[in-house]
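Pulled from TrEMBL:
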type     : residues : note
DOMAIN   : 283-438  : domain 'SSD'
TRANSMEM : 33-52    : transmembrane segment
TRANSMEM : 284-300  : transmembrane segment
TRANSMEM : 312-335  : transmembrane segment
TRANSMEM : 341-364  : transmembrane segment
TRANSMEM : 410-438  : transmembrane segment
TRANSMEM : 730-753  : transmembrane segment
TRANSMEM : 759-780  : transmembrane segment
TRANSMEM : 787-808  : transmembrane segment
TRANSMEM : 828-849  : transmembrane segment
TRANSMEM : 861-883  : transmembrane segment
Amino acid sequence: MGLEACQSAVFRACHSYHSAAGRLVAKRPAASLVASLVVTLLLTACMLLGSWEARLEYRDTLSRSEAFKLFDATLDMFGGSPRTNEYKMSSSDGSNVLTKQAILKALEVDEAVLGLTYKGTRFEDVCLRPYLGGACTVDSAMYRLGLGREEVEALSQEELDSKLLAEYNSNAGGLGSLLGGLTLTDGKLSATSLRFRYLGEPSGQGRPSFVEFVTGTSNDALASATLEWESAFLALVCARPLMSSGIECATDSLSLGEGLSVTGTAQRFIQDEIAANATTSTKWMVVSINLILVLMWLALGGRPLRNSRLTLGTGAVAVILLSVGAGLGFSSLVGVPLTEISLLMVFVIVGVGVDDVIVVVDFLQRQPPHLSIVERISGALGGAGPAIQLTSLTNLIAFLIAATVDFPGVSYFCLSAGFTLFALFLLTTTLFTALLTFDERRRGAMRLDCLCCIGFGAGDSETGDAEPSSPSHKEDDKRAHSGLRAAVSSAARAYDCFVASKPVALVVILAFTSLIPLGFGFAIGNIPLGAELASYFPDGSPYVAYTADTQENFVALDTPGYLVLRDVKWEDASAQTAVDSLLAALESDDFVIAPYSTNNWLAAYRAVAADRGATASAAPPLRQSGDGFLADVAAFLKETDPQCVDRQLGGECLREIIPARYSKEVVWAGEAGASPITATRFSCTLAVPDEVKGRVELMNEHRATADANRGSIDAVVWSYFMLFSDRDRIVVRLVLETLAFAAAAVLGTLVFFLHPLSVAVIALAIASIDGGIFLLMYLWAVPLDAVAFICLAMSIGLSVDYVVHVAHAFEHEEGTPEQRIKAALHGIGWSVLKGGGSTFLGVVALAGADSEIFRTFFKMLFSTVLLGLLAGLVLFPACVIFVGKWITPKLLEKTPAGVAQADAVAKPAAAAEPPALQAQLERY
């Protein structure tokens, strides 16, 4: 069997299947409606079984990247990162806060935080302790100086200034991360804000269930208590009120004085603000759905309440929303988590669903009016079904291919979108078709739309096979729409001239083709990579404002870096020497601020061992290597008493450490001291650039240094920013690969349905559309992030829809290429244009959204719809003017039983088109 015969067989099979399905639903619409609703609602209920992924590390990074694997491994080895809660007391006029009076006020807030109790939970119940029984981890300039409120009250301003200056001058100071706007003038420090940090025990780090996300709770007792305390903390530090809690903002309750204010943030604030970003989209969904509803009323309309389809349009929107629920429910059932980006799917599916509904109704209007309702529904679904099936199939394939990318957020969205599109296709051919059957019965019985119990004619009929409307009503509709029809007719004639002109067609082809080198050759290399932090939060987010102020005024975001060492024989002196050499090499990189060699258990162990040897301490000596070394290390890491690591010549200790604080940095194979150390990490501080390219270069350089100097040691450098830099390093390649694979899969599928030349034209359209999207991204400065990636993945399926409908219609017309494309456009072009308009209306509300991530989605989808429509209504016609003569028409055999249906599939009936257009069709 040749390709053409195979395509004809596939088309006939699809046509027969959908005709039979339409006939079955039209005969038993009530049963179809009930069965569809029951299955859909059951699937929608499965959303309650789902989970919600808001952790950027597990959503917006590459799960198979080196950085993510190490991140995941360090969570298992060393535990999660502590929960950070902090506040700043600042002067609004920029005056100095290092005065005794201001510091006392800040310490008063500090005491209020430490004494804060909410629902029985205190800070000491949820705080991070560096070792069992240790003190809660709190950090501030005053804590580093060992000064509480009583100590400060006992000091004069000069003594206080002296202590601050001494700490500032010491290597261990680091006051820049705790004093904002820090300056040194004439030997005196001044600052505009004081920062206090309170670290909590890692908890609630997993993925919450969908119910937990909606309610803001946790089933884990510690996590739940932590969330409650952090809510109270946010209220105390004036970040967010907590209703009915009795907790007042410290700025007001503690009477800080004129010019001083408190603001802060907490770990839960991040997730709450991200969740708020998701919930703020709800109002835009409502706007979008209402716009679509109005469009449905207009697109499916007729004479109001008589031949209009207001109820059907409302039902169609309900069907589309039910498909979203079913798709997300099925996603939850198979373990695909939901994200706030998943909610963006609603805007897309609503638009795409309207496309399919409009096509089905338009095909119904082309059916001969003398047929029964069952036959008209069967013919409509037989004509529209194959095209809807084909576009749904290409969308599904594009999404499933894109879901294989190593980008969890993109993969989650694409899987959910693919499931939802499949549900939409099924519900369009079942539930909506049942609603359409009921509406046709209502029209045939001459009953009012929305008020179906009220008739409007003397000839009310109760039969299901009555005529849809009387001739007099049709004449009323014609007169009502004569102006619109005349305008459409004039536009169609102008468009006919445009389409039939070969010089114009050539210009169109060249213009679209030029988008390919402009997009892929120029624009994609100049598109910014990665979204800004603010994109993930609502506009005006207090968390973003707090973070921006911290970045501007504090030396606070110099990033911690880690050297993770595994399976090193630490008792071997040569292994320690190799590690020392590696540390020296890593510290030679310019961006290493605080070196690895001074902030690790080995350096502390050596310092304490040296101090004990030099002072003839009563404490047992610590061996530097060999037998007993690991036992000494284990004993050292259990010590909770301060140990001196730096003395003056007179013997006075300058710096002490508590060895037990390093205990979490060492992982033993078994019993501590009696088994080898399987993993450990040394920390440093890195000066990380703001720009993406600089971060990627830093990551590559630091990794190269480690690889070149580690020898046989299993050592890897890691820092949190590398999670995203590993993604940014290859994101362009990932995008291009995903687009190429998705396009190849879609085109490979189309070969079974369309002529190879049509598929070739569609391939040109895909390349042009993607090139155009890259160019618009460059012009709009849209970053290549998760949202842009998702939209690019969608562009293959969505943009192809418009071209496939036109190509499918073209291949089922006869005549010259010019005649065939004109007939195809008159038959399906208006439906395609209405479908594109509906998708645009589905996302246009996002242009005014309160978050950049949603506005980016609008820009990307607007570009896709615009270029897809131009490709379907302009580029494809221009191409087939030249190559259409080699594309063989596919027509159903016109047997006596199938003449009417074949005519309805091939071209619209005379009554369905404006008179001017029908006259042109008759000439063809």
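Cβ coordinates come from backbone N, Cα and C, glycine included.
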Long-range environment of the transmembrane segment (730-753) - Cβ separation under 8 angstroms, sequence gap at least 6:
3, 6-7, 10-11, 62, 386, 390, 393-394, 397-398, 401-402, 404-407, 520, 524-525, 529-530, 759, 762-763, 766-767, 770, 784, 789, 792-793, 796-797, 800, 804, 808
Would the transmembrane segment (410-438) count as touching the transmembrane segment (787-808), i.e. at least 3 C-beta pairs under 8 angstroms with sequence separation of 6+?
yes
Two-stretch contact, the transmembrane segment (284-300) and the transmembrane segment (341-364), at least three Cβ pairs under 8 Å:
yes
Per the definition of 3+ C-beta pairs under 8 A with sequence separation of 6 or more, do the transmembrane segment (410-438) and the transmembrane segment (828-849) touch?
no
Long-range environment of the transmembrane segment (312-335) - Cβ separation under 8 angstroms, sequence gap at least 6:
37, 39-51, 210, 289, 292-293, 296-297, 299-300, 342, 345-346, 349-350, 353-354, 357, 361, 412, 415-417, 419-424, 427-428, 431-432, 435-436, 439
Excluding the flanking five residues on each side, which residues at least 6 beyond the ends of the transmembrane segment (341-364) place their CB within less than 8 Å of a CB in that stretch?
278, 281, 284-285, 288-289, 292, 295-296, 299-300, 309, 312, 316-317, 319-321, 323-324, 327-328, 331, 376-377, 379-381, 383-384, 387-388, 391-392, 395, 409, 412-413, 416-417, 420-421, 424-425, 428, 432-433, 436, 440, 786-787, 790, 794, 798, 801, 805, 828, 830-831, 834-836, 838-843, 845-846, 853-854, 857, 861, 865, 904-905, 912
Apart from its near flanks, which chain residues at least 6 from the ends of the transmembrane segment (828-849) lie with a Cβ under 8 angstroms of it?
280-281, 284-285, 287-288, 291-292, 295, 299, 347-348, 350-352, 354-356, 358-359, 362, 387, 488, 798, 801-802, 805-806, 808-809, 855, 857-858, 861-862, 865, 868-869, 872-873
Averaged over the domain 'SSD' (283-438), what pLDDT does the predicted model reach?
86
